[in-house]
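Working notes, structure below.
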């Protein structure tokens, strides 16, 4: 009987330690994506402010007719769908969104911020989320690497562009990047909240 109690105590301590570790990892991941999202908002705002009134009107009109490459990634359609999604699903979608930008982010004009640093920050964030996925996988729901896919690059943006076309593509990339980082921040925040039973995870 005493041996059973000891085993149960050890298992309880191990589970508690794992939960604390998960919370810490989630906190780091949320903090990192918040930083990236703030950068995305800043550079999108700076880019808009640098445009002439007519240029701003034109790129806005064009972008409304276009869509983000990552729209092909199946994700929750609204906040209620997000709240109903499992932690593992939210983490897996977040990885896919980040993967779609690891290469593309190198071709965005980031003002004074080095382009490769954004890509590096995304890679670090993806590594952290993958660790969370491994820690939260179980037999009931498994999202393996085979379920992920690489999106095609954003059109022909990597070719030499000039004039208005270059302006338009940079605007599109900044707008889509900001949108996708907002999604990742939301998904990670909800997933982190799920680890706290007493927390209110309402968006």
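The first residue you see is number 1, and the count goes up from there.
Note: Cβ is positioned from N, Cα and C throughout, glycine not excepted.
Keep in mind that what you see is a predicted model, and the values were worked out from it rather than measured.
Feature annotations, courtesy of Swiss-Prot:
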| type | residues | note |
| --- | --- | --- |
| BINDING | 35, 185 | Zn(2+) binding site |
| DISULFID | 68-176 | disulfide bond |
| DISULFID | 193-201 | disulfide bond |
| MOD_RES | 18 | pyrrolidone carboxylic acid |
| SIGNAL | 1-17 | signal peptide |
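Recorded features from Swiss-Prot, shown on the structure.
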{"residue": "35", "record": "Zn(2+) binding site", "DSSP (3 states)": "helix"}
{"residue": "68", "record": "disulfide bond", "DSSP (3 states)": "coil"}
{"residue": "176", "record": "disulfide bond", "DSSP (3 states)": "helix"}
{"residue": "185", "record": "Zn(2+) binding site", "DSSP (3 states)": "helix"}
{"residue": "193", "record": "disulfide bond", "DSSP (3 states)": "helix"}
{"residue": "201", "record": "disulfide bond", "DSSP (3 states)": "coil"}
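On a Cα basis, residue 176 (disulfide bond) lies 16 Å away from residue 35 (Zn(2+) binding site). Counting in whole angstrom, residue 176 (disulfide bond) lies 26 from residue 201 (disulfide bond) by their C-alpha atoms. Neighbour counts of Cβ atoms within 10 Å were compared for the disulfide-bonded residues 68, 176, 193, 201, and the top value is held by 176. When the Cα atoms are compared, residue 68 (disulfide bond) and residue 193 (disulfide bond) turn out to be 28 Å apart. Look at the Cβ of each of the binding-site residues 35, 185 and count the other Cβ atoms within 10 Å; the largest number goes with 185. Here the CA atom of residue 185 (Zn(2+) binding site) lies 12 Å from the CA atom of residue 193 (disulfide bond).
Between the CA atoms of residue 201 (disulfide bond) and residue 185 (Zn(2+) binding site) there is a gap of 14 Å, rounded to the nearest whole number.
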